[in-house]
Amino acid sequence: MKTIDELLAEGVSGKRVFVRADLNVPLDGTTITDDGRIRAVVPTVKALADAGARVVVASHLGRPKGAPDPAFSLAPAAARLGELLGADVAFATDTVGDSAKATVAGLADGRVAVIENLRFNAGETSKDDAERGAFADELAALADLYVGDGFGAVHRKHASVFDLPARLPHAAGYLIANEVGVLKKLTSDVQRPYVVVLGGAKVSDKLGVIDHLLEKADRILIGGGMAYTFLKAQGHEVGISLLQEDQIPAVLDYLKRADERGVEFVLPVDVLVSAEFPDLKTKAPANPTTVAATAIPATEEGLDIGPETRKLYASKLADAATVFWNGPMGVFEHPDYAEGTKAVAQALVDSPAFTVVGGGDSAAAVRILGFDENAFGHISTGGGASLEYLEGKTLPGLAALED
Ligand SMILES: Nc1ncnc2c1ncn2[C@@H]1O[C@H](COP(=O)(O)OP(=O)(O)O)[C@@H](O)[C@H]1O
Ligand SMILES: O=C(OP(=O)(O)O)[C@H](O)COP(=O)(O)O
């Protein structure tokens with residue numbers, strides 16, 4: 001994989017360099033609640049700009065449906081990037097249209113622009129190679145060189161991640177090099193006990209990784225929205241909690257294999273439930289009730305692990321030598337559902353283990369909840385990406401940078 005330093009040594013002055021970043025930051029309206037992913041790409045953008053490149057930064061944000069949607073605009077992220085760089089950052093109000101073309105054409109050497117959300121275009125995420133390729137052609141027209149630095153999205157076979165680097169001379173940015181360097185340590189001589197904590201909301205995306213973790217981990221703790229498919233598979237009522245019904249046979253197989261292989265599988269024993277999802281804007285009191293995980297009322301949903309589970313999970317993390325954690329334990333964005341995530345973060349801070357926290361929201365959670373980033377071994381900008389990397393899968397966004 002060519003490094004950005006090699007690219008810089010070849011000379012980038014006056015060249016248009018497309019930087020595929022992951023600026024998929026949590027937003028409250030247009031306010032960025034955690035800018036970790038923007039800070040993470042600054043070294044790459046700054047190095048290119050300082051070397052006289054005309055830097056075109058691109059990213060997705062959220063999951064818009066292939067058409068412009070103001071709720072998912074990258075404008076706040078572009079403004080924040082400008083603040084972090086201490087320089088004006090131009091913003092194109094479309095991705096490959098007139099605004100993008102004019103903005104890039106107007107860039108002086110050493111200046112930076114951000115183009116609008118890549119996922120406002122159906123071609124970005126299309127499963128059809130030709131449709132993705134056509135969009136990649138339009139993106140390629142905006143640049144002379146490509147730098148991949150959106151680690152959080154390298155597991156996506158998307159136009160800007162996979163197809164575009166095939167069309168331009170390319171290199172890996174500093175963030176990708178750093179992430180891969182650290183995660184590599186967890187694929188070879190991992191210190192045991194190796195405990196993996198999984199939670200969050202992208203349940204269908206991430207359940208499959210357990211298949212692989214059963215071969216690697218000594219103990220797996222399940223929380224967040226991930227827990228309810230397991231509880232349902234065990235025959236319990238989960239009310240209106242997040243549920244991946246079609247995965248129940250797979251989940252039963254995981255539980256059986258964990259038993260056979262001596263992998264300890266730990267599920268919540270109690271949860272906080274409510275009939276309503278909390279208001280994350282007003283943060284009005286949610287007044288949840290605590291129930292046994294086996295006794296969730298039919299009209300309520302589980303939104304955090306309960307106090308007994310917090311203690312249980314802390315004890316299951318206390319003797320770990322290595323911990324990988326992806327996915328908040330509850331809807332931590334609301335204070336009434338943040339205690340589970342706080343308890344797991346605190347257990348990692350208290351542990352002498354090598355601890356890795358991965359995922360846009362997980363990383364944001366530890367910072368928003370007031371933990372010191374330096375108290376963790378590594379905070380990865382990618383959740384799904386790091387899980388798939390640990391699985392040993394070929395990641396489209398890394399493979400595309402290799403040849
Ligand atoms: N029980 C739950 N029900 C619904 N959403 C949940 C639950 N627990 C956690 N979440 C949500 O999961 C989201 C993060 O999930 P995910 O994107 O998978 O994590 P990451 O970005 O760290 O990889 C958070 O916004 C949080 O509110
Ligand atoms: O937030 C992300 O992934 P993560 O939640 O697994 O960390 C990445 O920006 C990828 O986003 P996607 O899961 O919508 O493709």
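The backbone N, Cα and C atoms fix where each Cβ goes, and this holds for glycine too.
Per TrEMBL, substrate binding site is recorded for Asp22, Leu23, Asn24, Arg37, His60, Leu61, Gly62, Arg63, Arg119, Arg156. Long-range C-beta contacts of Asn24 (substrate binding site), restricted to its own chain and to partners at least six residues apart, with a cutoff below 8 Å, comprise Arg37, Ser59, His60, Leu61, Gly62, Gly152, Ala153, Gly360.
Sequence annotations record features per position, and here TrEMBL assigns (2R)-3-phosphoglycerate binding site to Arg37, Arg119, Arg156. Sequence-distant neighbours of Arg119 (substrate binding site) (same chain, 6+ residues apart, CB-CB distance under 8 A): His60, Leu61, Gly62, Arg63, Pro64, Gly66, Phe72, Thr125.
In sequence order, Pro26, Thr33, Leu280 are the residues near Glu333 (ATP binding site), counting only same-chain partners six or more apart with C-beta under 8 A. For Lys206, Gly302, Glu333, Gly359, Gly360, Asp361, Ser362, the entry in TrEMBL reads ATP binding site.
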Residues Lys206, Gly302, Glu333, Gly359, Gly360, Asp361, Ser362 binding ATP per the record - widest CA separation, whole Å: 22
Most crowded position, judged by CB atoms within 10 A, among Gly302, Gly359, Gly360 as binding-site residues: Gly302
Asp22 (substrate binding site) and Asp361 (ATP binding site), distance between Cα atoms, whole Å: 13
For Asp22 (substrate binding site), nearby residues of its own chain (Cβ under 8 Å, 6 or more apart in sequence): Arg37, Val41, Ser59, His60, Gly150, Phe151, Gly152, Ala153, Gly360, Thr381, Gly382
